[in-house]
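**Student:** In case it's useful when we look at the structure, here is the feature table from TrEMBL:
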DOMAIN    45-206  domain 'Nose resistant-to-fluoxetine protein N-terminal'
SIGNAL    1-18  signal peptide
TRANSMEM  211-233  transmembrane segment
TRANSMEM  321-343  transmembrane segment
TRANSMEM  350-372  transmembrane segment
TRANSMEM  421-441  transmembrane segment
TRANSMEM  448-468  transmembrane segment
TRANSMEM  502-518  transmembrane segment
TRANSMEM  530-552  transmembrane segment
TRANSMEM  572-590  transmembrane segment
TRANSMEM  602-622  transmembrane segment
TRANSMEM  642-660  transmembrane segment
Amino acid sequence: MRRMWIVAVAAWVTLAAAAVPDDDFWSREGHLYPTLPIAATSSDNHQCRTDSELLVRNLRNKTLWAMTMWDASAKTAVGVLYGTTFQLGNFDECMRVVTPIKARFCVAQVFAKIPERHSHPGRPFDLYSHPGSSVWERISGSRIDPSKVPRDVINWGLCVPASCSSSDVEESINAYLERTSAANETLYGVEVRNEFCTAAEESDEVTAGEIAFWVFAILLIALTVSSTVFDYYRDADAKESKLTQLWMTFSIRRNFVKLVGSSEETENHLDVLHGIKAISIISIVLGHRIGISLSVSASNFQEIEEHLRTGRALFFVHTDLVVDTFFFVSGLLACFFLLKVFAVRIVNPLFAILVRVMRLAPAYFFIIWYQASAASRLGSGPLWKAMAKEENRFCRENWWANVLFLSNYIKPKEMCMTHSWYIPCDFHFFVMATCLVILLGKQKKIGVGLLAVLTVLSSIIPAVVTYVNHIQPMIIFYSDFLSRPRDDESFHVLYVKSHNRATVYLIGMAIGYFLYMYKDSPKRVSKKLTISACFVWLLLMFAPMAYGSLYYDSERAYDATEAAIFASARRISWAVGFSIFVLVHRFGKIPLLSSALSSRPAVFLSNITYGIYLLHFNLISADVFQARTSKPFRIGNVLMDGVGDLLISGFFAIILFFILEVPCKRILREFILQRKIKEMDKPKQLESVNNNNQSNPYNCRVTVEDSVSTSEKL
């Protein structure tokens, strides 16, 4: 009996022991990714090997400085299955380590080679895997399905001796993984790039370009402040010299009206465009905040994948259409105001183009200069050196393409400031618009016919480009695009090229021409027709969004013909929708909406839209690229961040507006083009022209700057 009890107890102990995983499971086998060493004791680099051996000895002794380096390093990957691919440790702790050796923080890319029997899962495009399936099938499926963030590559933060180069760290870790993973089914590899390593005492040399930028910026601020103070206390009756007049172009007191100018000064049927621009820039800022935030630091990409599949991200995945709103507005205004000024006098088109350059260039070139010289110094973090300094390098090497307004054609994969592609497009379109308006004024039928032909051709071109290159008809906001947008073929082949984006601008020109021809028409449409037109407007705007969601079904077969048609149709639909809205506002009545869109806050925000557009992307990137750890993506948090982005970029846009934008335009108008303006403003000449040209009923003073700076004067 006693023997039976002994046998029973022994059996129970054996079963209990079998039910508990052994130590190897908890320390190694239970991890999707193994813990990585922070010492390169086998390195060929003598100093690196010596420092690594010292680090290991002190780790075994639990010495504080060594344990601080180990504590600052990521130990094991968490949340990988949920889409957390950045395991960044503690960058700041590593940078503050007080040691006998210097430390540096490296972000290594760890690759998992999936076991062959799990590398071809049965349903890789399913959003959810069966709970009973292998975890490796889940991970391999994330590599096959482009809508998912790959889980077989993660970014791992390590605090290592500064004497060890990136190749020393990489070779040492790979040798360690080769030894420890030899008996395992899953193999691992590591890549450590130098740009992802940051030393505690690392700093860049101050360049002449950086010094020159800050000197120039301080000079502009000094001119603005001093001129404003002088203007406030000066004798109003005192005669000003030419030099004083030049100085006063920087006076905030004189320029303030241009910031908060009332929409009552604009054409009644165009003032609603203030609100359209304001809403559009808010949408663009929020869209870029979402996209840039998702590019590096989201810890819950599983939820993002769900949103993309279920349509809950409908607005975000089509924010690229919002940019077309600016093309539409710009085309409408360019045509309308150029027709207005050319009706008074045929101005040399080079003057019109020069004024447009002076509208776009000063702030644009100033921000490029900042990005190329000073931006990379104003931040830090485990990802900062790789991401922010890459942007800095692109601007240092390719600034000249931006200055020539050709950055969307010359090296688009290395474009200075990704979002700046819009500016060369806008400039190219304005040159085209100037030539077309001259033709419309001289040969109306030929001009209208050419405008129609160009509109049709411009709608065919993106379809052909999409079909020939076998690419997606729109930007697909998957993780690959979010992390490397310039490398996306749809972006650099289709999205940023002027010849692919002209359709909306030309449709805007057509509406501008129509509004100009019927500017004094008393005709009004009925309330019923107005309501019906508004319904059609909303339908045409949301139709491309709804249909475009089909392209987020990664299992859906690609059809080149369908993609080609949609590449053109989506932008035409958006532009026609806005055309209907503008025409309804002009010939119908939408009281509440029209009042809101032409209100003083809308006018104010509209006046700084260009500055916000230039600044916001860099400010958001600077914030996100300094991320120390992953954080969950929540729409409420993103909206709060977006409001902050809008306020901060708006604040700096106002500064840019006063120190650079308005002074440059005033200098152009009051000094460079003064003689030309005086000729156009002679009352006798205007009276003579108006008497002989009944097509221009405006009994007003028209200046070159007022007429062709169309993105400011509405």
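Just so it is clear, glycine is given a Cβ too, placed from its N, Cα and C backbone atoms.
Unlike curated entries, TrEMBL annotations are predicted automatically.
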**Student:** Give residue numbers and ranges for long-range contacts of the transmembrane segment (421-441): same chain, 6 or more residues beyond its ends, CB-CB under 8 A.
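**Tutor:** Residues 323, 326-327, 330-331, 334-335, 338-339, 342-343, 346, 349, 352-353, 356-357, 360, 364, 402, 405-409, 412, 415, 447-448, 450-451, 454, 495-496, 498, 501-502, 505, 509, 513, 613, 710.
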**Student:** Are there residues at least 6 beyond the ends of the transmembrane segment (530-552) whose Cβ is under 8 Å from a Cβ of it, and what are they?
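**Tutor:** Sequence-remote neighbours of the transmembrane segment (530-552) are 147, 308-309, 311, 314-315, 317-318, 321, 472-474, 476, 566, 569-571, 573-574, 576-578, 580-581, 583-584, 588-590.
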**Student:** Sequence gap of 6 or more, Cβ distance under 8 Å, 3 or more pairs: do the transmembrane segment (572-590) and the transmembrane segment (321-343) meet that?
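**Tutor:** Touching, yes - the transmembrane segment (572-590) and the transmembrane segment (321-343) meet the threshold of 3 or more Cβ pairs under 8 Å.
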**Student:** Average pLDDT across the domain 'Nose resistant-to-fluoxetine protein N-terminal' (45-206)?
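**Tutor:** Averaging the confidence scores along the domain 'Nose resistant-to-fluoxetine protein N-terminal' (45-206) gives 85.
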**Student:** Restricting to the same chain and to residues at least six past its boundaries, which positions have a Cβ under 8 Å from a Cβ of the transmembrane segment (448-468)?
**Tutor:** 432, 436, 439-440, 493-494, 497, 499-503, 506-507, 509-510, 513, 560-561, 563-565, 567-568, 571-572
**Student:** For the transmembrane segment (502-518), what are the same-chain contacts with Cβ under 8 Å, counting residues 6+ beyond its ends?
**Tutor:** 269-270, 324, 327-336, 339-340, 429, 432-433, 436, 440, 448, 451-452, 454-455, 458-459, 461-462, 568, 571-572, 574-576, 579, 582-583, 586
